[in-house]
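Sequence annotations record features per position, and here TrEMBL assigns oxalate binding site to ASN105, HIS110, GLU115. TrEMBL lists HIS108, HIS110, GLU115, HIS154 with the feature Mn(2+) binding site. Summarising the annotation, TrEMBL assigns disulfide bond to CYS33-CYS48. If you look up TrEMBL, you'll see 60-208 marked as domain 'Cupin type-1'. Under the heading signal peptide, TrEMBL lists 1-24.
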Amino acid sequence: MKLHPFSALFTASLAFFFFVITAADPDLLQDVCVADLASGIKVNGFTCKSNFSADDFFFNGLAKPGATNNTLGSRVTGANVQSIPGLNTLGVSLARIDYAPGGLNPPHTHPRATEIVFVLEGQLDVGFITTGNVLVSKSIKKGEIFVFPKGLVHFQKNNGKVPAAVIAAFNSQFPGTQSIAAALFAASPPVPDNVLTKAFQVGTKEVEKIKSRLAPK
C-alpha cells in the first residue's frame, strides 16, 4: 500500500517527535541526588551520596569580593556542583565575577548553559558574538541585567574607575567555561603553530609570543 505524500511526511514527523521526546533528559526520580564528588564512577553528572546534610546545599563563597590582582584584573568565583554538591541534577548554578578598574573577563563560552548577569556594583561594557559574527553589546550598570545565549562567545569589561561586580546565573549545574585565547594558545598538547599562523594570518614569532604569555604559571 502506497502512502500519500502528506501521510508519509506526517509519519516521519511523528517518528522524529517521539525520538526527541525519548532523547531528552529524564525527570528526577527522587527528591535530591547530592553529588558524591569522591566517587570513581563516571556518569553524565555525578553519582548520588547515600547520606547528605544541609551543608551539601550551602555555600558562602559569594559573600565577599574575589581577589582581582591578576593579569586580567578579574576573578570568577563559581557556585556550581563542585562547591555545592546538592546542585547535582538540578540544572542551576551561580557565579560571582569581580572586576578591578579596567578588568576584563576575556572572550569565552559556556558550552552547556545560557548565562544571565545582574550587576551588583559598578558599570560594565558587555557583549556576545553571534554565529553570523555580529557583535551584540551594551553598557550595563548597578541593578541592570544582561543575557548571554548558550554557547556564544561573550565578554565583560570594566571601563570604569571603580571596582565592579556581578552575580551570574546559569541553567546548568556545571556550565563549563572555555576561554578562547587559552583554548587556542595554551592547550596541552599545543595547537600546531602552522594552524594558528594560517588562522590568524600572523607569523610564527607572534604565535610563540602569545603562547609564552598565556602559558600556565
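Quick reminder: no glycine exception, Cβ is built from N, Cα and C everywhere.
For the disulfide-bonded residues CYS33, CYS48, the largest tally of other C-beta atoms within 10 A is found at CYS33. For the domain 'Cupin type-1' (60-208), residue counts in helix, strand and coil come to 22 helix, 58 strand, 69 coil, using DSSP. Restricting the recorded positions CYS33, CYS48, ASN105, HIS110 to those with a CA within 10 Å of the CA of HIS154 (Mn(2+) binding site) leaves ASN105, HIS110, listed by sequence position. The two recorded residues HIS108 (Mn(2+) binding site) and GLU115 (oxalate binding site) have their Cα atoms spaced 12 Å from each other.
Highest local Cβ density among the binding-site residues HIS108, HIS110 belongs to HIS110, counted as other Cβ atoms within 10 Å over all protein chains shown. Taking the mean position of the Cβ atoms of HIS108, HIS110, GLU115, HIS154 as the Mn(2+) site, the remaining residues of that chain whose Cβ falls within 8 Å of it are THR109, PHE128, PHE148, LEU152, VAL153, PRO175, THR177. The Cβ centroid of ASN105, HIS110, GLU115 marks the oxalate site; residues of that chain outside this set whose Cβ lies within 8 Å of it are ALA95, HIS108, THR109, VAL117, PHE148, HIS154, ALA168, PHE170, PRO175, THR177, given in sequence order. For GLU115 (oxalate binding site), the Cβ neighbour count at a 10 Å cut-off comes to 23, with all displayed protein chains included. Here the binding-site residues are ASN105, HIS154, and the one whose Cβ sees the fewest other Cβ atoms within 10 Å is HIS154.
You'll find the Cα of CYS33 (disulfide bond) roughly 32 Å from the Cα of ASN105 (oxalate binding site).
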